[in-house]
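*Asks:* After the structure tokens below, expect a handful of questions from me.
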Amino acid sequence: MAAMALTASLAGALAGTASAAQQAQPSPSQKDTPAARAVAAADQAVDSGLDSLVNSSQEQYERRLVTPWVKDLYSVSYERSYRGLPVVGGDAVVLADGTGKVRALQSASSVRIDVSTQASVSAKDAESTSRAKLVSVDKVESSRLVVRLKDDKPVLAWETVLSGRTKTAPSKLHVFVDARTGAFVDSYDEVVAGTGNSKWNGPGPVTIDTTNSGSTYTLRDPVRTGLSCADYSTGTVFSKSSDSWGTGNPTSKETGCVDLMFAAQKQWDMLSQWLGRNGVSGNGRSFPAKVGLSDLNAYWDGSSVTIGRNSAGEWIAGIDVVAHEYGHAIDSNTPGGTSGQESGLGEATGDIFGALTEAFANEPAPYDTPDYTVGEVINLQGRGPIRNMYNPPAVNNDPACYSSAIPGTEVHAAAGPLNHWFYLLAEGTSPGGGKPNSSTCNGTSLTGVGVQNAGKIFYGGMLLKTSSMSYKKYRTATLSSAKSLDATCDLFNKTKAAWDGISVPAQTADPTCTPSGQNNDFSMSLSPSSGTVQQGASVTTTVGTTVTTGNAQSVTLTASGLPAGVSASFNPATVQSGQSSVLTLTATANAAPGASTIVVKGQGASLSHTVDYALNVGGTQPGNDPPDIDVANVQAHLTQFNTIASQNGGHRRAGSAGYTQSLAYVKGKLQAAGYTVTEQNCTSCTYPSNNLIADWPGGPADQTVMFGAHLDGVSAGPGINDNGSGSATLLENALVLAQKNPTMTKHVRFAWWTDEEQGLNGSEFYVNQLSSAQRSAIKGYYNFDMVGSTNGGYFINNVNSTTAAPLKAYWTSLNLAPEENTEGQGRSDDYSFQQAGIPTSGYAAGASARKTSAQATKWGGTANAAYDPCYHSSCDTTNNINATVLNRSADGVAYAVWKQAVGGETPAQDFSVAVSPSAGSAAPGGSTSATVNTATVSGAAQTVALSVSGAPAGVTATLSPTSVQSGSSSALSVQVGASTAPGTYTLTVTGSGTVSHTSTYSLTVTGGGSCTPRQLVTNGGFESGSSPWSATAGQTLETLSNLNANSGYAEKSYDLSQFAGQTVTLKFTGTEDQSLQTSFVVDDVTVQVS
């Protein structure tokens, strides 16, 4: 059993209460962290289509990787999709800081895609074309339909991944074949080959980290997860009974592994201490290695490193070789990967990491000294180094200067200019100290920044890397990196001079830099970034600006790309960066319906930025009559689901690529229509994947009506009736609701569930995450599963309930005489809500049960045959849909939406205002902050002027901005003067628009000579883990064990008044003295002051 002692020891305030309970509590939210602020800023930039990013109704960005860097900077990378298909070559990356400012961004391409997604060539035919690109193919790893975007030209293509061999080396080749014509498009190889130093490291004996288990030691790093070294022939990690490794013989594989582990561990440490990177992968992992390849080579294959030999049979696991190969791994695990890189960039990246690791290890002669040559001591074929970074022509006459010939140059030779740039940046042209001189291509003399700073600048450029990276894009990326690292512009200017020194010309995307305090720049955002306007009406969005560097400046706003019949106005048209403006888009009665992209430009003193607004012009006015849903549109969605399934193994099972692309298709449609869309990751699902939740703005949130359908299918087939029919029906209803934009009397939420086929897991996960208040807010849930069965019936869940009334009323109006859905009871997602006490109903047309004679007489169809003869089968395609049943189901959903949640009159504009958190404290001389949130309650969004009153003498409260569009927020900052009297004060925040609303903030000013009786929560959150607390003296309050198990908290108090003016620590000690484990929860340490 476990025991736990609570000890109050000399080491808090005046009187403390500690509570402990043996029950789990959730951890506090981590939303307001530097990383979260950076990610939120990056997400907003992507959502707004900032500068070269694309905001289109057909295209989406999905966040993939967040990499912390130095100086509170974060690299946030995104992959792009088009109508549910991955866009290879369309990725982007945003560099943002912990204060929530966008510092730089780079996009692989800013071209908007408009291609057919229907393949004319089969995946099998594309595979045959792809196989011809390798000498031998061991395995077809995967095949998928993508949009290949290269040189700003989009092509629908099959991407086939093959493992095998070229004429000289192993290969993992990605081949792209035009899916319309069958022509080869391009390819790239994950396997990157190189060579290097096999000299032993020293002076000996060197120390390496190994793993010990009992009496066995293995060459597996216990700290650097994933790093190990194995015999290439057997694949077995080296192990032995002692922790003494290697023979000193360079032909010994074990010695080669010692050299590899030493070099890889030094590189890991360099990444952490110099560059701020968490391991080779960036998330605390490395990769395994093998020694013993018979080739005169070494390579990275996408998941491991393999070391070969030199002509003397010595294993080439020296520092610069090992660091070079793991440099390829870093290249693969930074934004953009290595796909489509210009020739030479990958090899030079490996060489740069080799030079950095040599410099970090700083070994003396005769070992591998820091020298900026590659493989200088291995003498691979008796000719010395294989590359020279300060003088590339010294080896094989490699080029030192960039030219238009570089993209077509052999990859190792093409590394010359980038290697030369790195040396010029690190050391300059005449470094002295025994280091070699290096000449520039333009005859200038340069001073270096040092190898560590050069490494930071280059690595920062890698964090802005995209696919199809080029020398010219690296120039822009490293200039942005240098600018972010150094406000004085010294690093920026030297980085620029080094690029000029190898003849890489200036680019239009290059940033500019002036000394600290003068380098003024800003960013822009839109909230929301898309919307629908009816003919004869208007829609608004808030254009936000943020100071990213330097001081605020005047920004003039303009809009372009307006469709015929739509005009734009800004209020105000010019703002100071840091302020916002309201953009109003007004459509005439004759404005052409359809989608378009409005480009909003902000022109500063010398720089400009753009954001994109996705506008949809609707062709009809909102009204109270339920609309007729066009079944052809529903069938079009089903066709898209069918296409997605055929391109991804024939199904859309939860967790599969088919499901992911289906979700992306639905999500893209909803975002373009103006919905607030959320993906919820179902961690408890059989196949972990995402639910999709879409909220239509308007209507009271505490009066919510939900409409749901499961999006997943079984692996046996495309799942078009089960349940593409329900999913497509809801999607089209959601789009029509957005187009009509009627007055909402209730809030409407749509949901597409994952993992239903494995046991209603997605919807159950969602319901279980709801608080009691959130459950109470849902006044009804409607489920739609298999609503297009070919031999279908007309079934309603809980047909005689109040919730079912609108569904029943519509089908009854068609003389369909609907029946209870007995077959589907407990078998679809409505059951999850029913179990939580939420009223439910829904439509179904039947599954594998058989239609009775009476039903066939009433509804038509075949008696004694299954409602759906293709239930859970491969034939559940678009041919397995009864359009009449589907149409009646879709129209019935619209009838229910309108009857349950739509009003008849144009709504009065109204909004709400709330402060979060609603209370805070600060000492005299200190400060605190909160967020003022607004929301549109009814009608259209409106401009809300914000003010704050009630601040006592000495307290200054400010809002930024002081005017927002309802639905946006403002920052409340409270500064407490040094002479402010302690006490609790109420600040009132007032929002004024068509009406006025207020919200309050309770400010507690602490300190002072007097004492107000009150209870202070000194540990209001929940913590897990341990802290290094120590007691110099103390008193045990109580000892607890698992015998004291309690469903609530056991509260203990102690009078600490005797320690007035001193510091007191409460210590909680847990001791395991038997195998039975016991958990304790300690929470809410409070102080009662009197």
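Keep in mind that glycine also has a Cβ here, set from the backbone N, Cα and C atoms.
If you look up Swiss-Prot, you'll see Glu756 marked as active site, proton acceptor, on the strength of similarity to another entry. Per Swiss-Prot, Zn(2+) 1 binding site is recorded for His710, Asp722, Asp785. Swiss-Prot lists Asp722, Glu757, His872 with the feature Zn(2+) 2 binding site, giving similarity to another entry as the kind of evidence. Summarising the annotation, Swiss-Prot assigns compositional bias 'Polar residues' to 513-530. Look at Swiss-Prot and you will find Cys870-Cys875 tagged as disulfide bond, backed by similarity to another entry. Swiss-Prot lists 17-36, 513-535 with the feature region 'Disordered'. What Swiss-Prot lists as signal peptide is 1-20. Taken from Swiss-Prot, the feature site 'Transition state stabilizer' applies to Tyr871.
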*Asks:* Please name which of the recorded positions listed here, His710, Asp722, Glu756, Asp785, is nearest in space to His872 (Zn(2+) 2 binding site), Cα against Cα.
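*Replies:* Of the recorded positions His710, Asp722, Glu756, Asp785, Asp722 has its Cα closest to that of His872 (Zn(2+) 2 binding site).
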*Asks:* For a three-state summary based on DSSP, what are the helix, strand and coil counts in the compositional bias 'Polar residues' (513-530)?
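*Replies:* Breakdown, helix to coil: 0 helix, 8 strand, 10 coil.
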*Asks:* Provide, as an integer number of angstrom, the distance between the C-alpha atoms of His710 (Zn(2+) 1 binding site) and Glu757 (Zn(2+) 2 binding site).
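*Replies:* With the alpha carbons as reference points, the distance is 9 Å.
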*Asks:* Reported as an integer number of Å, what is the Cα distance between Cys875 (disulfide bond) and Asp722 (Zn(2+) 1 binding site)?
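*Replies:* Checking the Cα atoms of Cys875 (disulfide bond) and Asp722 (Zn(2+) 1 binding site) gives a distance of 11 Å.
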*Asks:* Would you mind ranking the recorded positions Asp722, Glu756, Glu757, Asp785 by how many other Cβ atoms sit within 10 Å of each Cβ and giving me the lowest?
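*Replies:* Fewest other Cβ atoms within 10 Å, among the recorded positions Asp722, Glu756, Glu757, Asp785, is found for Glu757.
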*Asks:* Do any residues at least six apart in sequence from Cys870 (disulfide bond), in the same chain, have a Cβ closer than 8 Å to its Cβ, and if so which, in order?
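*Replies:* Sequence-distant Cβ neighbours: Gly717, Asn721, Thr790, Asp876, Thr877, Asn880.
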*Asks:* How many Å lie between the Cα of Asp785 (Zn(2+) 1 binding site) and the Cα of Glu756 (active site, proton acceptor)?
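*Replies:* For Asp785 (Zn(2+) 1 binding site) versus Glu756 (active site, proton acceptor), the Cα atoms are 10 Å apart.
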*Asks:* Roughly how many angstrom lie between the C-alpha atoms of Tyr871 (site 'Transition state stabilizer') and Asp722 (Zn(2+) 1 binding site)?
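*Replies:* Computed Cα spacing between Tyr871 (site 'Transition state stabilizer') and Asp722 (Zn(2+) 1 binding site) is 7 Å.
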*Asks:* Other than His710, Asp722, Asp785, which residues of the same chain sit close to Zn(2+) 1? List them in sequence order, counting a residue when its Cβ is within 8 Å of the Cβ centroid of the site.
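*Replies:* The surrounding set, listed in chain order, is Ala709, Gly713, Gly719, Asn723, Ser725, Gly726, Glu756, Glu757, Met786, Ser828, Asp829.
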*Asks:* Of these binding-site residues, His710, His872, which scores lowest on Cβ atoms within 10 Å?
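*Replies:* It is His872 that, of the binding-site residues His710, His872, has the fewest other Cβ atoms within 10 Å.
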*Asks:* Taking the centroid of the Cβ atoms of Asp722, Glu757, His872 (Zn(2+) 2 site), which other same-chain residues have Cβ within 8 Å of it?
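*Replies:* So the extra residues in range turn out to be Gly713, Val714, Ala716, Gly719, Asn723, Tyr871, Asp876.
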*Asks:* When DSSP states are folded down to helix, strand and coil, where does His710 (Zn(2+) 1 binding site) land?
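*Replies:* SS state of His710 (Zn(2+) 1 binding site) = strand.
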*Asks:* What's the CA to CA span in angstrom from Glu756 (active site, proton acceptor) over to Asp722 (Zn(2+) 1 binding site)?
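*Replies:* On Cα coordinates alone, these residues lie 11 Å apart.
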*Asks:* Could you tell me the C-alpha distance between Glu757 (Zn(2+) 2 binding site) and Asp722 (Zn(2+) 1 binding site) in angstrom, no decimals?
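*Replies:* That separation, Cα to Cα, works out to 10 Å.
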*Asks:* Return the count of C-beta atoms lying within 10 angstroms of the C-beta of Cys875 (disulfide bond), excluding that atom itself.
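*Replies:* Around Cys875 (disulfide bond), other Cβ atoms within 10 Å: 14.
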